[in-house]
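Asks: Please find one structure pasted underneath; my questions will follow.
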Amino acid sequence: MNLRGCAAQILAKVIGDGQSLTAALDHGLPKLKDTKDRAFVQALCYGVVRHYYALDFALSKLLGKPLKAKDADIKALLLVGLYQLQHMRVKAHAAVSETVAATSHKPWARGLVNGVLRQYLREAENLLQAAEQDPQARLNHPQWIVETLRRDWPERYEKILHANDQAAPMFLRVNQRQTGRDAYLDQLAAQGIAGQPVDCCSTAIRLDQAVAVEQLPGFGEGRVSVQDSAAQLAAELLDAQAGDWVLDLCAAPGGKTAAILERQPALAGLVAIDVDAQRLQRVDANLARLHLQAETLVADAGQPADWAGQRRFQRILLDAPCSGFGVIRRHPDIKLLRRPEDIAALQATQARILQAAWQLLIPGGILLYATCSVVKAENEQQIAAFLAAHKDAEELPIDAHWGLPRPHGRQILTGERQMDGFYYAKLRKAV
Ligand SMILES: C[S@@+](CC[C@H](N)C(=O)[O-])C[C@H]1O[C@@H](n2cnc3c(N)ncnc32)[C@H](O)[C@@H]1O
């Protein structure tokens with residue numbers, strides 16, 4: 001199978017049909033038997049999506065007029081070609097001829113692909129200069145995302161946009177119930193895997209280079225999990241105590257659920273809720289691997305009348321559905337798939353779930369609100385509106401040496417200490 005063609009088919013589903021890159025890769029990659037081939041195709045797909053706005057600018061200049069919607073596969077193939085020429089250490093003539101060879105199902109496109117890629121090689125310098133004059137191409141994000149981040153972070157938005165376009169490091173969370181971080185670093189070193197302890201999070205290790213999870217000592221037995229250290233902070237901040245009932249709202253795939261359980265072995269219990277049944281199965285699978293127990297429920301977190309009964313909780317984590325603008329570097333397709341109107345819709349969902357969650361907290365209990373977003377409307381402004389409307393809510397300060405203190409909560413901007421962008425706010429219910 002032609003690997004460029006395979007990448008183009010996967011990318012056409014994202015660019016043409018609006019599928020997520022993860023879903024398109026999950027469908028397309030298993031067709032390849034060789035691990036190296038899969039890794040190459042995955043690198044092409046991530047690369048094209050990550051650099052989409054810059055590559056698309058160059059392509060539009062080279063094409064003159066856009067391709068028809070039914071030819072999204074050819075557009076994807078051209079982007080694959082341009083990505084290789086601009087960003088990969090493959091020989092130009094091999095990149096061109098292999099990419100041209102992937103047009104065998106549409107012979108008319110052969111000349112087009114050949115011509116466009118060769119023209120690019122002649123005009124690369126001019127195209128790069130032209131891209132510098134076009135904000136969407138220069139910043140490699142759709143204009144509305146640039147504007148959203150510029151409005152919220154006028155001094156820092158270019159840094160955030162740049163961080164969004166870097167591949168994220170691999171972080172591990174050591175399962176404290178099984179081993180300590182130093183001991184696990186030794187086990188990694190014995191396997192020739194280099195990693196560093198993360199100073200702001202006691203369970204986190206940052207690997208110098210990503211590896212397949214099968215290579216991690218004790219992964220199958222639950223000694224360690226993969227999780228960004230910004231996300232690991234949730235368990236520390238929630239600080240669940242022995243004997244507490246904990247409610248984990250919007251829990252799938254269960255990274256924070258597991259972190260909370262690993263940190264506090266003597267909980268009375270933990271209930272993990274997610275509206276997506278398939279994703280919730282991943283919570284069960286993760287907990288089984290880690291030898292942890294929780295009650296998992298498919299339910300709408302905003303409708304507790306359907307599932308909570310009289311149950312009340314000492315600690316609630318609300319890891320709210322959000323734009324994901326803090327994790328664009330891990331999910332670059334967010335730039336292509338999100339729409340401006342999504343932000344207000346998400347803000348409304350967050351407010352609805354937060355309001356519902358508050359009813360389930362016992363007096364004196366603590367709710368931790370979290371998002372993997374850097375958009376103020378989803379974060380500090382959401383919490384400001386909540387505090388204004390709930391006189392029984394008091395904000396607890398988060399004293400930390402990570403993140404930025406905000407009028408409400410604490411914000412990690414993408415790339416700080418190589419972490420994902422994250423937001424946390426801690427609220428206590430009056431007794
Ligand atoms: C940011 S992810 C959660 C990540 C998870 N807490 C973790 O650490 O692995 C948000 C989750 O919210 C879920 N979700 C969205 N709307 C929901 C709702 N109304 N009720 C419950 N879950 C919801 C989504 O299915 C998704 O799994």
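Glycine residues also receive a Cβ, built from the backbone N, Cα and C atoms like all the rest.
Those TrEMBL annotations? Automatic predictions, nothing curated.
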Asks: From ASP239, ASP300, ASP306, ASP333, grab the residue that TrEMBL records in the same S-adenosyl-L-methionine site as CYS250, ALA251, ALA252, PRO253, GLY254, GLY255, LYS256, ASP274, ASP319.
Replies: ASP300
Asks: Hey, what's the widest CA-to-CA gap across CYS250, ALA251, ALA252, PRO253, GLY254, GLY255, LYS256, ASP274, ASP300, ASP319, the S-adenosyl-L-methionine contacts in the record, in Å?
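Replies: Maximum Cα-Cα distance: 19 Å.
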Asks: If one measures from the C-alpha of ASP300 (S-adenosyl-L-methionine binding site) to the C-alpha of CYS372 (active site, nucleophile), what distance in angstrom results, rounded to a whole number?
Replies: 20
Asks: In the predicted model, what is the mean pLDDT computed over the domain 'SAM-dependent MTase RsmB/NOP-type' (160-430)?
Replies: 98
Asks: Cα distance, CYS372 (active site, nucleophile) to GLY254 (S-adenosyl-L-methionine binding site), nearest Å?
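Replies: It is 15 Å, counting Cα to Cα.
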Asks: Rounded to a whole angstrom, what is the C-alpha distance between LYS256 (S-adenosyl-L-methionine binding site) and CYS372 (active site, nucleophile)?
Replies: 12
